[in-house]
Amino acid sequence: MSQAVQTNGTQPLSKTWELSLYELQRTPQEAITDGLEIVVSPRSLHSELMCPICLDMLKNTMTTKECLHRFCADCIITALRSGNKECPTCRKKLVSKRSLRPDPNFDALISKIYPSRDEYEAHQERVLARINKHNNQQALSHSIEEGLKIQAMNRLQRGKKQQIENGSGAEDNGDSSHCSNASTHSNQEAGPSNKRTKTSDDSGLEPDNNNAAMAIDPVMDGASEIELVFRPHPTLMEKDDSAQTRYIKTSGNATVDHLSKYLAVRLALEELRSKGESNQMNLDTASEKQYTIYIATASGQFTVLNGSFSLELVSEKYWKVNKPMELYYAPTKEHK
């Protein structure tokens, strides 16, 4: 393929280039005109929506003008201030913030894919706050424990040193009475020292116990347990043996989908036991999509819960009272 280019001169110059095999074979994609919808999992888009610096979802997206790579505004500005005047992805030269431009369209796309992002970020901040609180408490407890152990060892060494010095002084004088008094004095000095050492050792064991308790508490604290009263929906659930109130205690990090899957497996297992069957096919086909979880609002209406919501988030958003949370279940219409 050739192209004639007119220059300022009297005769045109011809420019020739060769097409690659891809360029020769490629065809335009056909436009979708029949209303077909293509479902794409948000997880498959994570690499496209992730900031290469913080490895989290892009926030206040900034795009480089030269190479068009995207970063969080805070991340790329911090990187430029630290002295690395280059793109973290391709190492292309970036002079300053003037080499960046905001990308509100990409932020709008992310908010369209993840409409509940604010709730997700609030949950992440709460989890990080719990982890930081536990780490600070554990570091303080460990520091106190080590300090008590060092103090106990120093007291013990001082007591032994005083015994040796008093004993050697008595031998040099050769006075038996003085030796007796010195040994008595040494024992008296060593006695309180040993007592103090023992007390310190005893007190040193207390942080161990507290530390052991703290080693368990953060796990419980990071995933605080939530008590549930799981009732059948008063209008959508048929009155049969499976329609009974269930009482559950589980982790606050469990999602509504986990609850639906548990309910499906539980009811399938109860059905097998009632029929006396041993076929496990019903358990394998149990899905979280079989049941829909509801919560009653203040207006007396039932709100369908998003399957990705954690129970802790549901409690903070809808329940807000210090008593077991009441949820309702009913078969999903597509699975009836």
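Using N, Cα and C of the backbone, Cβ positions are placed for all residues, glycine too.
Now, the feature entries from Swiss-Prot:
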{"type": "REGION", "residues": "2-179", "note": "region 'Interaction with HIP2'"}
{"type": "MOD_RES", "residues": "Ser2", "note": "N-acetylserine"}
{"type": "MOD_RES", "residues": "Ser41", "note": "phosphoserine"}
{"type": "ZN_FING", "residues": "51-91", "note": "zinc finger"}
{"type": "CROSSLNK", "residues": "Lys112", "note": "ubiquitin cross-link"}
{"type": "MOD_RES", "residues": "Ser143", "note": "phosphoserine"}
{"type": "REGION", "residues": "157-213", "note": "region 'Disordered'"}
{"type": "MOD_RES", "residues": "Ser168", "note": "phosphoserine"}
{"type": "COMPBIAS", "residues": "176-191", "note": "compositional bias 'Polar residues'"}
{"type": "CROSSLNK", "residues": "Lys249", "note": "SUMO2 cross-link"}
{"type": "CROSSLNK", "residues": "Lys323", "note": "SUMO2 cross-link"}
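Cα of Lys323 (SUMO2 cross-link) to Cα of Ser143 (phosphoserine): a span of 38 Å. Each of the modified residues Ser41, Ser143 was scored by the number of other CB atoms within 10 A of its CB, and the lowest score belongs to Ser41.
Packing around Lys112 (ubiquitin cross-link) is summarised by its Cβ count: 8 other Cβ atoms lie within 10 angstroms of its Cβ, all protein chains included. Here Lys249 (SUMO2 cross-link) is positioned 31 angstrom away from Ser41 (phosphoserine), judged by their C-alpha atoms. Calculated from their C-alpha atoms, the gap between Ser143 (phosphoserine) and Lys249 (SUMO2 cross-link) amounts to 36 Å. In this model, the zinc finger (51-91) carries an average pLDDT of 90. Sorting the zinc finger (51-91) by DSSP state (H, G, I as helix; E, B as strand; all else coil) yields 9 helix, 9 strand, 23 coil. Secondary structure from DSSP puts Lys249 (SUMO2 cross-link) in a beta strand. Sequence-distant contacts of Lys249 (SUMO2 cross-link), defined as residues of its own chain at least six apart whose C-beta falls under 8 angstroms from its C-beta, comprise Glu225, Ile226, Glu227, Leu228.
Around the Cβ of Lys323 (SUMO2 cross-link), 8 further Cβ atoms fall within 10 Å across all displayed protein chains.
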